[in-house]
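> Sharing a structure here in structure tokens format.
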Amino acid sequence: MTEPWSGIFCAEGRPFVKMHGLRNHFVIVDARRDHYAPGKAEIAHVCDVRVGVGGDQLLVVEPSDAADARLRILNIDGREVGACGNATRCVAWLLLEETGADAVTIETRAAMLRCTRQGPREVSVEMGRIEHDWRKFPLAREVDTLDLPLAHGPLAHGVASWVGNPHVTFFVQDLPALDVAALARPVLTDPLFPEQVNVGLGEILGPTRIRLQAYERPGILTGACGTGACAAVRAAQLRGLIGSGPVRVEMGAGAVTIEVDAQGSAVMTGPVATCFRGRLPLYAEGRDERADDRN
Ligand SMILES: N[C@@H](CCC[C@H](N)C(=O)O)C(=O)O
């Protein structure tokens, strides 16, 4: 007879840490010694809270020749993306705690990011230069990225910004009253963005405060978005809606502070939190279907 409770613990499964930055949550696997290259279905399984650990992304930390570590950021549909601000803070915190250093450098697909300790659970990341060249995204055709020729319902005059990944920010009134997913979904899949786009709805609350809700690729509302916060601040500055000093970007569970210099380079500072540690469920193709059959 099998012992039903013992089956829950996969002693052989790969260790992970679950962390979040303002409820943007991640499953983090240290693959610096033991290579880990999950396929699309496994990524979806691990990130699905109903059958796996649950997360907005799976993060794989690898060795790097040029930095303290390389961070692979895997969206729930398996796409590796160039940047994720909240994920970078979480992984930076793990590396800072591990080494006792005050600064580490993380290589992502898009950039080398210097990260510094700001407090016990507070990390700053130099996010690099925010760009607005239409070819960077890529966009389907040449357009004015500071005033996109795009209108979906009340969303118009968006600003397209590249922060290692593509964002479009729309400024709105009374953000809490809006159904962000319903409004943002057609933007995310608009043919202007052949590789889709992360959509941010921002409300200016004052000269140094923005409220933001992100609807991220591949179509999820997240608790927060660090790169989206950088994009929103730069877009608001370029539109003349706020000044040039540090801006507090409020995203439900809390806030990050974004400072953008005259050249458009951003520094993001915000909190990290550890949820729990464990071992990944052993994954095999077809496992989901078999589980479904039993229910
Ligand atoms: N889903 C995104 C990347 C995630 C951004 C993240 N939440 C952040 O904090 O910056 C993509 O597809 O690029």
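Backbone N, Cα and C define each Cβ position, glycine as well.
Note that TrEMBL annotation is computational and uncurated.
Positions annotated as substrate binding site by TrEMBL: N24, Q57, N75, G85, N86, N165, N198, E216, R217, G226, T227. Residues or ranges marked as active site, proton donor in TrEMBL: C84. The active site, proton acceptor annotation in TrEMBL covers C225.
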> If you draw a 10 Å sphere on the Cβ of C84 (active site, proton donor), how many other Cβ atoms land inside?
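Its Cβ has 31 other Cβ atoms within 10 Å.
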> Please report the distance from the Cα of the residue listed as 'active site, proton acceptor' to the Cα of N86 (substrate binding site), rounded to the nearest angstrom.
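Approximately 7 Å lies between the Cα of the residue listed as 'active site, proton acceptor' and that of N86 (substrate binding site).
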> Which number gives the other C-beta atoms within 10 angstroms of the C-beta of T227 (substrate binding site), all protein chains shown included?
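Within a 10 Å radius of the Cβ of T227 (substrate binding site) lie 32 other Cβ atoms.
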> Across all protein chains in the structure, which of the binding-site residues N75, N86 has the highest Cβ count within 10 Å?
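Highest number of other Cβ atoms within 10 Å: N86.
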> Give the sequence-ordered set of same-chain residues, not counting N24, Q57, N75, G85, N86, N165, N198, E216, R217, G226, T227, with Cβ within 8 Å of the centre of the Cβ atoms defining the substrate site.
D56, I73, V81, A83, C84, A87, A214, T222, C225, G228
> Sequence gap of 6 or more, C-beta under 8 Å: which same-chain residues meet both conditions with respect to R217 (substrate binding site)?
N75, D77, R79, V81, L188, Q196, V197, N198
> So for N24 (substrate binding site), how many other CB atoms are inside 10 Å of its CB?
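So the Cβ neighbour count for N24 (substrate binding site) comes to 28.
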> Out of N198, C225, which has the highest number of nearby Cβ atoms, where nearby means within 10 Å of its Cβ, if these are the recorded positions?
C225
